[in-house]
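**Student:** Mind looking over this structure? Questions follow.
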């Protein structure tokens, strides 16, 4: 590449970054401003005061919401990893009647949009008494066809000889799964873990339906509440809330972007 | 979806009957958690939705068989027609733009130059942004008195637009914010696809001295077609399922101009307490997504070039 080309490529990259990152940058910037600066329409705050951050925790029980979001995302992540890896293991290492049929069932779940089934799901969860608690927010999401396919892809790369050797040595299938397969698949499990944490942290519609008490709400619903309460009055406080909510997932994404990209492409395409 | 074919081609192992019966039970045991969960939270509610769509029903349950009345009712209602129109327009506004933008960014960052990792991270960052957080930020940006769009319009001497309050612009405004939100994911997938292309192909092209655009048209895009095909399907399905940004930015208004189908289902079921009508709409949504998936697979099989 010639140096002119290189310089123009960097110029285009910087312009694109400025455009794409602007909303995030804007949110950070507003979160440090006082009311007057926001009304003036300034781009940069005059000081980095943390008043808005302190205030947002008083306006809504943000700490409770954060704990709820962390807990439910972590529970769903662990649940999805377990349930998906068990299913993927059966698909790769076991042969039995009806396996192809079950595989077809897994594929067909990907064609049913979650939103088309939300009304009966809400009724189910309500009749089980699972509203306003972690059970209702987590259990319905434990099984994941995409996660099963992603792990299946990785399990298929593990040499069959390893499995045969374990059979000869008389190790039970479950011990082989737990002590051999899971440790060697660490990287795929991490990818799926990041993906499922991100998705569940960011979930909006389901928590909106199944939580209506402050003790059960998640951060995403907290943002809606904050925005409805504070509309047109104190955008600095609202943006401080936004920043607190996006920070964990942005950090997770920055740390795991390479893994996520590799894993998602593999799970999706092969 | 080579997977299904591969599975079928595996020859059945010859085993003793008792051993195979045990393997049968054990195999199902590993699949049991998934099967139970899919049964309770995917298949049962899907059938239940279809069932409820033939009844007059509220949140407690069905109370009167109605045949196709719900379908007649929604198909002839202005509200549902405007919802279909909003959904189709929304899909057309967001999907092509998202994919073109993501493809452009991915092509820009496919070269291995210094600092490229930072740019890749930046461009994928919207994937970490929740719908609620993104929508709140965009709501502020669209604010007619203090938002950045009005400030820029003022500065350029253009008229200030009430983006979210004007029925002519609201859907466009929601679409623009959605394009921004979905670009990160599409970008990450397309970049992965680009990196999977065999570098030898480019070496040959370089030896032959072909232009960048010739190379893009004859090597990159054909080799990228499975990835593009995948991301187009996923983006279509995601666009049909849009809810969060509508709920926060416009609540389906003004004058139902942004009342996309999932929002309409939500409103009927949980605000108007008309579960029959909501179910009929959900069934229509299901068939739209299904038709789209099947169509894309059929087209995809013919047009897509697999490595």
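Note that Cβ sites are derived from N, Cα and C of the backbone, with glycine treated the same way.
Automatic, uncurated: that is what TrEMBL annotation is.
Residues annotated as transmembrane segment in TrEMBL: A:7-28, A:70-94, A:101-122, A:134-155, A:176-198, A:235-255. If you look up TrEMBL, you'll see A:66-256 marked as domain 'ABC transmembrane type-1'.
Help me understand the surroundings of these features in the structure.
**Tutor:** Listed as Cβ neighbours of the transmembrane segment (A:70-94) (distance under 8 Å, sequence separation of 6 or more from its ends, same chain) are residues 103, 106, 134, 137-139, 141-144, 147-152, 155-156, 158, 163, 173, 177, 181-182, 185, 189, 192-193, 196-197, 200-201, 218, 248.
Note on the transmembrane segment (A:101-122): residues 87, 91, 140, 143, 145-146, 148-149, 205-206, 209-210 of its chain, located 6 or more positions outside it, place their CB under 8 angstroms from a CB of the stretch.
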**Student:** For the transmembrane segment (A:176-198), which partner among A:7-28, A:134-155, A:235-255 gives the most CB pairs under 8 Å?
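**Tutor:** The stretch I would name here is A:134-155.
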**Student:** Near the transmembrane segment (A:134-155), which same-chain residues lie under 8 Å Cβ to Cβ, leaving out any that are not at least 6 residues past its ends?
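**Tutor:** Result: 68, 71-72, 75-76, 79-85, 87-89, 91-93, 106-107, 109-110, 121, 125, 128, 181, 185, 187-189, 191-192, 195-196, 200, 206-207, 210-211, 216, 218, 263-264, 266-267, 270.
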